[in-house]
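Per Swiss-Prot, the features are as follows:
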type	residues	note
BINDING	90, 91, 92, 93, 94, 95, 96, 97, 98, 99, 100	ATP binding site
């Protein structure tokens, strides 16, 4: 009897404007991993469909590297595995593709190494690898998650907000934007005055989200001073998308993660008209309605003869 581990891992959007490196939300676009033990002397990877066709098929694969680091940490040996990989999450577009792969690697190591890590421990590991929880926390738990990673203690604490009752539109450009390039666009420091200002905006946004006051939350999202002023020049479509969204009375339009995907929050009764307007305007981008994922990673184990 052969075991097959099936993982369904959601995409994520990070920051929501001023929640830089600390706020993220899971989305119903998925990375699918089907994992079985093989009879070879090494791991193998089979990539199916777009978004994963450029990835390596050998043990230089990111998922292999992370899984082995986890195995070494817990002093277990993993069997050689075959990983079949399909993905609806485009790479290097600000939708958490690397976080989804990282989380998948942790779940693979946990299962096939029989480590018995809890979700809390998986989150700690994931954040230690990533350096911040904004993508990995919602990927693991689902929903809208706030978190803080203490680099000194290596502990991540998270909190949850009710899923916003809004529609989400993502506009995905055809080009990639590497996170490291988007990081390099940011200033090294902020003045105390700017830090206080951005903290106040972020606090107000969170309070508004808790109260389901999406007009106020959106107003705060669009006043980010942490990253969007320094990254928007890397996304030529950003201001035009923002303008069209405003014409349709959207709550907010922000850069998703490090970009270049642009995320818009809007009332459900207005979302259809807006997404069609964006599709007409941007022939080189893909605009689509997505829903918020509330479950996080789902796992299923099947036994094959």
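Cβ atoms are placed via backbone N, Cα and C, with glycine included.
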Can you give me the same-chain residues 6 or more apart in sequence from residue 96 (ATP binding site) with a CB-CB distance under 8 Å?
11, 12, 13, 14, 24, 89, 135, 139, 257
Highest Cβ count within 10 Å among the binding-site residues 98, 100: which residue is it?
100
Tell me the Cβ neighbour count for residue 90 (ATP binding site), meaning other Cβ atoms within 10 Å of its Cβ, over all protein chains shown.
20
Tell me whether residue 100 (ATP binding site) sits in a helix, a strand or coil according to DSSP.
helix
Taking only same-chain residues 6+ apart in sequence, whose CB is under 8 Å from that of residue 92 (ATP binding site), what do you get?
176, 177, 178, 179
